[in-house]
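Written out below as structure tokens is the structure these notes cover.
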Amino acid sequence: MPCFDSVYTKEYAQQLDAVDPLARFRNEFYIDEDSIYLDGNSLGLLSTRAEQSLLDVLDSWKQYGIDGWTKGKHPWFYLSESLGEKMASLVGAKAEEVIVTGSTTTNLHQLVSSFFRPEGKKTKILADELNFPSDIYALKSQLHLQGFDPEEHLIQVKSDNGHLLNEEDIIAEMKEDIALIVLPSVLYRSGQILDMERLTTAAHQRNILIGFDLCHSIGAIPHQLRKWDVDFAFWCTYKHVNGGPGSVAALFVNEKHFGRRPGLAGWFSSNKQKQFDMEHTLTPAEHAGAFQIGTPHIFSIAPLIGSLAIFAEAGIEQIRKKSLKLTDYMMTLIEHELSDYQFTIQNPRDERRGAHLYIEHDEAARICKALKEENVIPDFRSPKGIRLAPVALYNTFKEVWNTIQVLKFIMKEERYKKFKNERDVVA
């Protein structure tokens, strides 16, 4: 560990970078060295390996045409399964329990339509009031399709402070009328990590199925879905996994549920040996592949080939270790350098935080615009939230130090005041 009189100096940050075991991976990403990108929790950066994977798949189309489904470097017909196998270690699952398919929301629709089986008193779904809106839209939609009023049958656990959830409150809502629970692994605003193992155990003790949205944890923190006995999970791949805008999502189904018929069946739900028999009676795949629906979006799945290779080399434990150091260092600097400017850190201070920080300020929208003008890329969340995500694979401690200096300059010089305090179309 570097030894300096003050952790607040640039030299201290540079020494942290000098002993960073993941430093070499930064060179694999396309990075504008004149800017500081801290929005990897919304969209990760492009790596040269992800780029090459996409080019390889394009080349297969060019060379083989229709035969690209079974020929070439990465045959398309098996990509969802082969990438599921590569991603399984990130979630602590067996290869056959993970499939790369669809989008986050379509996968949630698929899983709820497959696992929500109201019977008797059990007619309600338990969620939370801090979840990402799309999940709530999907849950309400599924209740409508089953003939239930979401106002009555969707129970949302309340937050005491608008930032964090109390697991005791969640467990208290696991009542006899709950048939299914869907929760985030990491809250998208505050970055709080929920105790998935504890919640899963509590749910199963009450005969309730439970699934998790891993969008803000996949590629950032380790998971043990099999060990925790989670029933299902789903996630995107364009944030920390660096799959690119609109990259194909993924899902996990615990093997104990293999054989459960998919609620939304389609062409790719089929057992691959039977798929081209063209029978009108579906023979589902015998693994998580049964929960696919349509043809995979090959060009949106291809970058994951290269991206997941980086994760295999870096290791999710090392990524998490550096991530905690980056965010801890950033919090230390915020508290020291910005104490005069009314910022409030709203994410957990302990290791129950994900890979981003969430700070609040009444002028947050304007401050984010001022940061972008200074080539620091943050993320605004209405009404007054700023998310800062130093990514372990490509951000540096020096960038963290520079960011806080830029933020201090913006506040001291009131550079934010020339902007309107409102979000852009894409925040």
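Placed from the backbone N, Cα and C atoms, the Cβ positions cover glycine too.
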(request) Determine which of Trp69, Trp267 appears in Swiss-Prot for the same pyridoxal 5'-phosphate site as Thr104, Thr105, Phe132, Pro133, Ser134, Asp135, Asp213, His216, Tyr238, Thr295. (result) Trp267
(request) Sorry to bug you, but what's the C-alpha spacing from Lys239 (N6-(pyridoxal phosphate)lysine) to Asp213 (pyridoxal 5'-phosphate binding site), rounded to the closest Å? (result) 13
(message) Can you give me the same-chain residues 6 or more apart in sequence from Ser134 (pyridoxal 5'-phosphate binding site) with a CB-CB distance under 8 Å?
(response) Thr104, Thr105, Leu108
(message) Give me the count of other Cβ atoms within 10 A of the Cβ belonging to Phe132 (pyridoxal 5'-phosphate binding site).
(response) 16
(request) Select the most exposed residue of Thr104, Thr295, where exposure means the fewest other Cβ atoms within 10 Å, treating these as the binding-site residues. (result) Thr295
(message) For the C-alpha pair, I'd like the distance in angstrom between Thr295 (pyridoxal 5'-phosphate binding site) and Lys239 (N6-(pyridoxal phosphate)lysine), rounded off.
(response) 23
